[in-house]
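Participant: I am attaching a structure below and will ask some questions about it afterwards.
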Amino acid sequence: MAKNRNLVFFLGVLASFTLSSFPVTVSGEPPILFTFGDSSYDVGNTKFFSSEFDPATTWPYGDSIDDPSGRWSDGHIVPDFVGRLIGHREPIPPVLDPKADLSRGASFAIAGAVVLGSQSTTASMNFGQQISKFLELHKQWTDKERAEAIYMVNIGAEDYLNFAKAHPNANTVEQLTQVAHVLQRIPRELTSLYRAGGARKFAVQNLGPLGCLPIVRQEFKTGENCMEMVNFMVKTHNERLSRLLVAITVPLLYRGFRYSLFDFNGEILRRINEPSLHGYTDTTTSCCGTGSRNAYGCGYSNVHAKLCSYQKSFLFFDGRHNTEKTDEEVANLFYSGDKHVVSPMNIKDLVGKAATDLLAQEI
């Protein structure tokens, strides 16, 4: 059934490209795709990494595609749709799957991933460990393939959610210190990909309004409001991340470094604030779960979680992850949106840029 669903998944893109072809690199082939991040980009690495129970491998996860594959959604997620849009017939596989064909790329993202160290030595890989895993394998692809590849990154949410749980009464200075620590590490890892891995094209998704997640509203009992402390850290993070990416492109040391920065935060807030305009009936409660915001326990057999009757009417599938509908909209904007939502270029334009300076320069 899953194979049939993947065929349907690919055929779906053909209708959207009846008047145009897939974008290709200067070599004439769809670019290889690599993804890094947390559960929002995890396509199944968690189930191979840990022997602990992974709820994303059980129903109702994957309900919309009849395949609970380890994605934290009712169906496909952002990297799946982006991969399809750039011409891949099948979703990019999890790198930890021993049977995976990595010739088209791989997902290094895993649930629970953080930037600052690892909150658990047994249940996740932090951002740096994901980069290290890529560097272990990078000779499987040629210099040219790695230079023309797209490197999708979505990381940092767990750092701020964990901080809020541990320090719910943190003052502004402490919050800004946390942001500074996170943003000291991210550029270091990106430039490691550039120098040692030969990466040139980065597609970075900024952080959504984490304080508005159903699980945060439920756990912190914020009622109809979002948790302002978390959203303040996220807002500061996103503003500084934008400036850091601009700064990386300036020095001659990083010649050929190109990027797309997608305003995920803005798009989610627009949907929360104007649900009917985007076809939603609920943007504050989860489709699957239990509790005041239906935000806890999805996928756990010992929890009497409820499942909504129509996932496409919900923004969130579980307490902190989007529905497939939401992720498809996000991917389409990331791929071909204008500069109000993705800058300085979208992924479609990024793919078409010639990759220069294929070998990283040594200091």
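A Cβ is built for glycine as well, from the same backbone N, Cα and C atoms used for every other residue.
Keep in mind that what you see is a predicted model, and the values were worked out from it rather than measured.
So Swiss-Prot lists the following for this protein:
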- Ser39: active site, nucleophile (ACT_SITE)
- Asp318: active site (ACT_SITE)
- His321: active site (ACT_SITE)
- 1-28: signal peptide (SIGNAL)
Participant: Can you give me the same-chain residues 6 or more apart in sequence from His321 (active site) with a CB-CB distance under 8 Å?
Facilitator: Ser39, Ser40, Trp72, Ser73
Participant: Let me make sure I understand the structure: which of the active-site residues listed (Ser39, Asp318) has the fewest other Cβ atoms within 10 A of its Cβ?
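Facilitator: Relative to the other active-site residues in Ser39, Asp318, Ser39 has the fewest Cβ atoms within 10 Å.
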Participant: Using DSSP, would you call the residue listed as 'active site, nucleophile' helix, strand or coil?
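Facilitator: SS state of the residue listed as 'active site, nucleophile' = coil.
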